[in-house]
Amino acid sequence: MPARNILVINCGSSSIKFALVDPDQQAFAISGLAERLGSADAVLHWQRDGIKHSQAIAGDDHRAALAHLLQRVQEATGGQLHGIGHRIVHGGEHFTRAQRLDDGVIAAIRAVAPLAPLHNPAGLLGIEAALALYPELPQVAVFDTAFHQTLPEHAFRYAVPEQLYRDHGVRRYGFHGTSHRFVSARAAEMTGLAVDDSAWLVAHLGNGCSTCAVVNGQSRDTSMGLTPLEGLVMGTRSGDVDPNLHSHLSRTLGWSLEQIDRMLNHDSGLLGLSGLSNDMRSLEQAREEGHAGATLAIEVFCYRLAKSLAAMSCALPRLDGLVFTGGIGENSPLIRSKTVAHLSLLGLKLDEAANARCLRGVSGPINAQGHTRVLVVPTNEERQIALDTLALLD
Ligand code: ADP
């Protein structure tokens, strides 16, 4: 079969991550990152055939950077680009699956932007730039929230006045849907179970972290909510706190909403607890060296993760397995071991030798014999976005 090249784009407010995916190939032909866009330090990094390159693109905005990176991408495809898949963070209740882009879809993405005021406008910048450069090329939006639109109402509603839901969309949406969907399907494939007859707990642990209960290929509950702040301890995000913390800090310290937002999203989590770093590798090393903050941050991270997984088990009819994924989930035997140690009531126990072997892309079962499955499954959101894009093009 000839190559089917899909460019996957993930836009932040000052960055564009990209990867060229041919679903028949494991490796990306080219991937990279344009960052510090709009500044004199703007730079494009890319990797092709295992070799890393960088190019200064001073002053480039999203559109100019996209034009630059598309040159590199077209070189890698030999001019055979078949479509573009855009990762969009928030699809609200409007989008339950990926959508081919047209004026109506773009207007709907804009309409839910108040729910993701930093992320959706950045995604729209990428969409507008790509459509301007390639008006004829089919383009698709893939939403982080879409997979969780199967949550039952008792899982997605907050116990606040109904009118806030009805008129303002205040409910739990969940994020990381593309990753939870990809790894739960892979887990079924790896264990010979049918996706539509399987039940998983998934822990996606990267800079952002979330858990998900996946039953028969559908999300039934997840730890993130209206925004990606709810739930687990993350790199710099607090996860759950007492909702009265806002009024407490405002009353006692005179903090503004912006200060509190910033503290909870950027100064908290592993970074806030440890006083050292948001990066789990650094914290594991510091813990080895006896750093008290790093040690505590790891303990809180694992305990809170285990508590969330136990809570998610309420959404499962049975448990076929627990799946670890994301940079931490795929690479940290310590975090997996400490988390599972809190979950013996769910019948979970690790084979520590197998646990130690699973890192840097090595996947597989890590549970002790006779105990419920625990799997390490590398995520691949770009691949899932490319598959969703192709499914709409075919
Ligand atoms: P993002 O959410 O930005 O995609 P990743 O999924 O790459 O992030 O995860 C980043 C996290 O994974 C960081 O905290 C990093 O320290 C952690 N990580 C990567 N490799 C290891 C490792 N070998 N041991 C522990 N943590 C690791």
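Placement of Cβ uses the backbone N, Cα and C atoms for every residue, glycine included.
Annotated features, as they stand in TrEMBL:
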ACT_SITE  Asp144  active site, proton donor/acceptor
BINDING   Asn10, Glu381  Mg(2+) binding site
BINDING   Lys17, His204, Leu205, Gly206, Asn207, Gly208, Asp279, Met280, Arg281, Gly327, Ile328, Gly329, Glu330, Asn331  ATP binding site
BINDING   Arg87  substrate binding site
SITE      His176  site 'Transition state stabilizer'
SITE      Arg237  site 'Transition state stabilizer'
| Where ligand 1 binds, which of the recorded positions His176, Asn207, Glu330 are close by, with Cβ under 6 Å? | Asn207
| note | Rounded Cα distance, in Å, between His176 (site 'Transition state stabilizer') and Glu330 (ATP binding site) is 16
| request: Based on DSSP, name the secondary structure state of Lys17 (ATP binding site): helix, strand or coil. | output: strand
| task | Could you tally the C-beta atoms, other than its own, that fall within 10 angstroms of the C-beta of Lys17 (ATP binding site)? | result | 16
| note | CA-CA within 10 A of the residue listed as 'active site, proton donor/acceptor', subset of recorded positions Lys17, Arg237, Asp279, Arg281, Glu330 in residue order, equals none
| said: For a quick check of understanding: among the recorded positions Asp144, Glu381, which residue's Cβ has the most other Cβ atoms within 10 Å? | reply: Asp144
| query | Given Asp279 (ATP binding site) and the residue listed as 'substrate binding site', what distance in Å do their CA atoms have, once rounded to a whole number? | reply | 24
| query | Any idea what the Cα distance is from Leu205 (ATP binding site) over to Arg237 (site 'Transition state stabilizer'), rounded to a whole Å? | reply | 13
